[in-house]
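Reading through the structure tokens given below for one structure.
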Amino acid sequence: MENRFMKRVLHFYDDNNSLPTENLENFLHLITSRREASIESDANPLRNVECFSLSELLLWYGLGNASALSLDDLELMCPAIITQILLPTCPKTSPSDLKPSDQRVWGYGFLAVTVINLAALLGLLLVPFTKKTYFPKILTYFIGLAIGTLFSNAVLQLIPEALGLDPKDDNYVLNAVGIFGGFYVLFFTERVLKMALKADTELGHSHYPPMQSPDVPIATFSNDIVINNISSDIITNNTPTQINCNEKFNSPSESSTSEQNACVLWACHWLRGDRTANIKTVAWMISLSDALHNFIDGLAIGASFTLSLLTGFSTSIAIFCEEFPHELGDFVILLNSGMSVAQAVCFNMLSAMCCYLGLALGIVLGRSFAPNVIFAIAGGMFLYISLADMFPEMNNIMAAHTRGYRGRLVFFLIQNAGLLTGFAIILLITMFAGDISLG
């Protein structure tokens, strides 16, 4: 009877026989997080009493080498544990500092990765809408959102975590906001000057198909593949536009160059069938690089969830915002490189499985070792993707679809809306992490 209440503590940690020392540390943090503010006042007679750490408490009771505590050990230490509540010298822990349980880490991690992978399939469903006049504006907003979330997640959470900084103790958030501010001021100034001087130029290549007339290719990629308009028939029926290749090439004078290009790129490879030998090399390169990319994303998500649920969700939001426009461009390339819709979906899902592998490894490494190295790698990756990859793409779409000052102004406002929305989401999560409870 006298041990019934102690057994409830063990039952809370899913063990009826003993309490591992790491769970005892979690228990101490949980106790201090419930401490009233009045304990911190100068009227507390115990305000100068030294607070023992967990290792010191275990040594005091002769349990320094114990890996787990029995019911008798826990009952013996109970007075010292209760005293932790009354000592102002014991640091008060917020609920967000408590390590999530394994069940929550694995459950929320798999949920986040699954939602992110579904965003890839959403990109396939939106391919037919690339011919709509409003689509470039929508895509611009999502790319700006991805840049804002990736950049902010790197400078506000991942890189500080890699350096061992805490937003409450080290007060680095304002300086991190200054990093984003420096980037945004230069972006804003450059855009305003270009619009004022009407010197907006096209930069680099684009992975996102600009809207042009039906007789002109949608986009030209760095690998010199020209992607023509993708009709909804290709997506729904898996059949190309009916073009007579032999007739076209036997009468060159009667056919235009654009028609011959369309025949070469779309009709002819469909006539050869769906053999993998007819799939261009670029499709395999896209699939392999996407698999590696997803694996690293999974590593970052897994390690983030072992730190805290909010950090995990923040990283997942950033990756989700990046995956949508990224996968849309990948689908267009895969379809044009000789893959059928079914093959593109299949290889995309195979590469998505690498995200689950990365998640599992990230959780294991985050639980067993300090995940700082993973945070550092992910932070550098997020900075590169946002600034070196997606930022030029956003500018390319604007250059390809703007005519006159008004058009440039509309795209500029959409870019700002995406960037600031992504930054605000991550900033709010970082600032109010200690006040948000996930149950």
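Each Cβ is built from the backbone N, Cα and C atoms, and glycine gets one as well.
Listed in TrEMBL:
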- 105-127: transmembrane segment (TRANSMEM)
- 139-160: transmembrane segment (TRANSMEM)
- 172-189: transmembrane segment (TRANSMEM)
- 341-363: transmembrane segment (TRANSMEM)
- 369-388: transmembrane segment (TRANSMEM)
- 409-433: transmembrane segment (TRANSMEM)
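When the stretches 172-189, 341-363, 369-388, 409-433 are ranked by Cβ pairs under 8 Å to the transmembrane segment (139-160), first place goes to 409-433. Counting C-beta pairs under 8 angstroms (sequence separation of 6 or more), the transmembrane segment (105-127) fails to reach the transmembrane segment (409-433), with fewer than 3 such pairs. Beyond the ends of the transmembrane segment (409-433), by six or more residues, the same chain brings 96, 137, 140-153, 156-157, 167, 173, 177, 180, 184, 187-188, 191, 195, 308, 310-311, 313-314, 317-318, 321, 394, 397-398, 401-402 to within a C-beta distance below 8 angstroms of the stretch. Same-chain neighbours of the transmembrane segment (341-363): 105-106, 109-110, 113, 116-117, 120-121, 124, 234-235, 238, 274, 276, 279, 283, 287-288, 290-292, 294-306, 327, 330-331, 334-335, 371, 374, counting only residues six or more beyond its ends whose CB sits under 8 Å from a CB of the stretch.
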